[in-house]
């Protein structure tokens, strides 16, 4: 008498053939797992069967890696692999029981090994890309909100999978691998990332190439920028474009509608140290823009962006105090403003007030704003800080700031920041007020210039008094 046939597995009231032998059966499972009730009632044995098909089909990929001529024979195997990954991907959606069952079969290790083989093939046929993408989606879903799965994914995927996928020409593969990285990273694993900085740099490059993708930007803003150790280790190794990208996202974080939290402040104080020290060391690279030789716009733009970050940081009251006493920062800003100002007056160059029309996005526009932001930063550093107010006076910074306003009628933003800086320099500082009043009396600052920046000088008896004529602009 023949042995009885095994009963078909029951999946939430739907009959599924016990031995999953073909593509149509896998597709049926994939469709069933789109519904939560089917995922929650799936028999555990079904995942072993899917894994068996996955392993069997992966042999064809292994063969193609050893013998490229076999790539043409991958079609049926790739279809099965794709559907296995889709099935497992769907089964993991918001279902920790299935995540655990699939993980405990060592499916994660099999999937990662297979995905690495895909990258090794270097064949960009659509069927291979589809299998590649579905495999990454499965890894993302099995790790989602499941710390045990995240740990196993990290063990198998780091660093090779991320090094292979984050710079892949297919943007979906970049996005899905970024999703896995974002899902798997935690505080301890960030330390491992510090020892594999190429992965962190690849994330920044991925954001540059695919700014519309949410995962790279989430990794940078929600993870990288919360790790000052990683940023400090990574920053010197970034090229100028990558630095600008990172600094732009740092500015976006500081100026976001959501203010920095109490947890963010200590982290951004560490960032402030890095940004300020780098600016003090490298800010004179901007002077290359005034040379006759073709300038390195990217290097200058990176330095200009450092200044932009410092302006936004000093506009934050929680970060301002630290930067107001940062060694050499105020002195270097005044020195740089003086050199740029003199250079612009003596020769015709990018810092000259030539009033020429420039293309949108031209480095010339950025350079023009550089002077404005130097003055803005001086104003911020002097906000309610008498030591810095006096230091600017000692360094002859007040006449320098006023002279910039005198020659820059074409730059209303510069005039705005001159007004702001002079207000902060003279607030509760009679010595600086007297200096400006005496400059007007001696003809070193004419009345029309002072009026333009919001002041006028009154003479009461033998005493000169500097009076404000307008409200202080917001920083």
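For all residues, glycine too, the Cβ spot is worked out from N, Cα and C.
The model shown is predicted, which means the values in this text are computed figures rather than measured ones.
Swiss-Prot lists 10 with the feature omega-N-methylarginine. Look at Swiss-Prot and you will find 12, 77, 430 tagged as phosphoserine, backed by similarity to another entry. Annotation comment: Swiss-Prot describes 82 as phosphothreonine.
On the structure: features taken from Swiss-Prot.
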{"residue": "77", "record": "phosphoserine", "contacts (Cβ under 8 Å, 6+ apart)": "57, 58, 59, 60, 61"}
{"residue": "82", "record": "phosphothreonine", "contacts (Cβ under 8 Å, 6+ apart)": "127, 130, 131, 134"}
{"residue": "430", "record": "phosphoserine", "contacts (Cβ under 8 Å, 6+ apart)": "none"}
